[in-house]
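Peer 1: What TrEMBL shows for this protein is this:
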COMPBIAS  74-95  compositional bias 'Polar residues'
DOMAIN    387-428  domain 'SOCS box'
REGION    74-107  region 'Disordered'
REPEAT    142-171  repeat 'WD'
REPEAT    172-214  repeat 'WD'
REPEAT    216-257  repeat 'WD'
REPEAT    258-299  repeat 'WD'
REPEAT    320-354  repeat 'WD'
Amino acid sequence: MASFPDSVNENDIGKAKFIGELLVPVAPFDQKSGREAWTVAFAPNGSYFAWSQGHRIVRLIPWTKCLKNFSTGHSGEPTNAWSPRRSSLQNSSEGHQGIPETDEPREHTIDCGDIVWGLAFGSSVPEKQSRCVNIEWHRFKFGQDQLLLATGLNNGRIKIWDVYTGKLLLNLMDHTDIVRDLTFAPDGSLMLVSASRDKTLRVWDLKDDGNMVKVLRGHQNWVYCSAFSPDSSILCSVGAGKAVFLWNMDKLTLIRKLEGHHNDVVSCEFSPDGALLATASYDTRVIVWDHHTATVLLELGHLFPPPSPIFAGGANDRWVRSVSFCPDGLHIATITDDRRVRFWSIEERAPQAIASLSNGLCCASSAEGSVLAAGTRDGSVHFWECPRSVAGLQHICRMSLRRVMTTQQVEALAIPTPLRDYLAYKVI
């Protein structure tokens with residue numbers, strides 16, 4: 001069994017540029033379970049980076065500060081708080097004993113009270129009103145510059161924090177098992193969806209003081225991950241089963257299930273224009289779907305020759321742990337158990353760049369699209385540059401069009417077939 005097809009020479013694949021890493025000081029009793037960085041997240045406005053660094057702790061760091069110190073490390077001039085190309089959080093905290101500038105974002109260390117499994121940033125748009133229109137008074141009034149962090153815990157609770165102050169705002173209690181994943185609607189409505197091992201997804205309205213709007217049922221086992229489409233109209237959820245669930249978030253009903261994986265599906269993400277959906281599975285594959293038509297457009301394999309459904313449905317050393325679209329819409333990053341990070345182009349079936357990573361668990365792309373962050377079992381986070389390419393005018397126009405048109409609407413256009421197929425991503 002190989003990690004690449006016979007037609008691909010691993011030595012010919014580019015090496016992803018390593019930027020830096022965030023390390024957690026290790027105590028003797030921390031050697032066992034509980035140290036995993038199960039999730040990493042970038043704020044939608046690019047101001048903060050957060051990750052669960054193990055046990056009960058979430059760390060919030062201004063993203064510009066991260067990049068600045070990584071850059072300093074590359075120049076070979078270490079500072080008191082950072083060593084070249086890496087940071088020790090213990091030292092980093094000591095470097096902030098002085099009084100910070102009032103306008104400078106500050107670091108926060110948040111003790112959530114239990115093991116943290118899920119993280120999500122949410123920002124508010126005042127024009128987006130709560131669905132609960134009959135309530136005239138709310139405990140919280142969210143301004144336009146409000147930035148929240150939701151944390152999903154081992155005890156089934158969800159805690160909502162003010163990112164700028166580090167203060168606890170809400171404590172949501174309804175799940176009966178681990179809250180594995182959280183995601184905010186990107187439209188600024190502060191609609192939050194939680195995915196849990198209690199086999200349900202729950203929809204919360206934070207503008208209605210965190211009241212629960214709906215319980216979405218349908219999964220027969222643990223729910224691992226969920227993701228909103230860019231326009232917030234569709235939710236994808238995946239879990240300990242082979243199906244991919246699509247939900248209508250206006251009606252809060254199930255649209256359809258996508259069938260094609262042979263093992264648990266553990267990660268999902270929509271492309272920036274909402275036209276594509278990528279799902280990662282323990283069956284060693286990432287599938288890129290046209291979710292509007294329920295068709296498979298592309299399969300990214302991580303084991304060759306491709307395993308049989310029986311082998312793919314069992315234990316193997318090529319489980320795909322996480323998938324993330326780069327904001328350019330042209331590249332996809334994957335984390336696998338074969339100790340590699342792969343950067344794929346949707347126009348090719350072989351990785352464009354690779355990097356080594358032991359015990360990777362999760363990944364996320366920065367808001368501006370230049371960096372990929374990956375969390376590991378030891379609580380550390382590693383950063384790489386995403387592949388850089390100048391998108392063609394055709395692709396830019398396609399993304400602009402697909403942000404507002406479904407595949408069915410594209411296929412109804414009176415345009416030449418090659419152009420229609422290109423706009424529908426049938427040519428990847």
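Cβ coordinates come from backbone N, Cα and C, glycine included.
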Peer 1: Any idea what the model's mean pLDDT is for the repeat 'WD' (216-257)?
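Peer 2: Mean pLDDT across the repeat 'WD' (216-257) comes out at 97.
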Peer 1: Just to be sure I understand, if DSSP states are collapsed into helix, strand and coil, how many residues of the domain 'SOCS box' (387-428) fall in each?
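Peer 2: Each residue of the domain 'SOCS box' (387-428) counted once, the result is 22 helix, 0 strand, 20 coil.
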Peer 1: For the repeat 'WD' (258-299), give me same-chain residues lying six or more residues beyond its boundaries with a C-beta closer than 8 angstroms to one of its C-beta atoms, as numbers and ranges.
Peer 2: 224-231, 234, 236-244, 246, 306-307, 309, 312-314, 316, 318-325, 327-329, 332, 334, 336, 344, 346, 349, 362, 398-400, 402-403, 406-408, 424-426, 428
Peer 1: Please list the DSSP helix, strand and coil residue counts for the repeat 'WD' (320-354).
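Peer 2: Per DSSP, the residues of the repeat 'WD' (320-354) fall into 0 helix, 22 strand, 13 coil.
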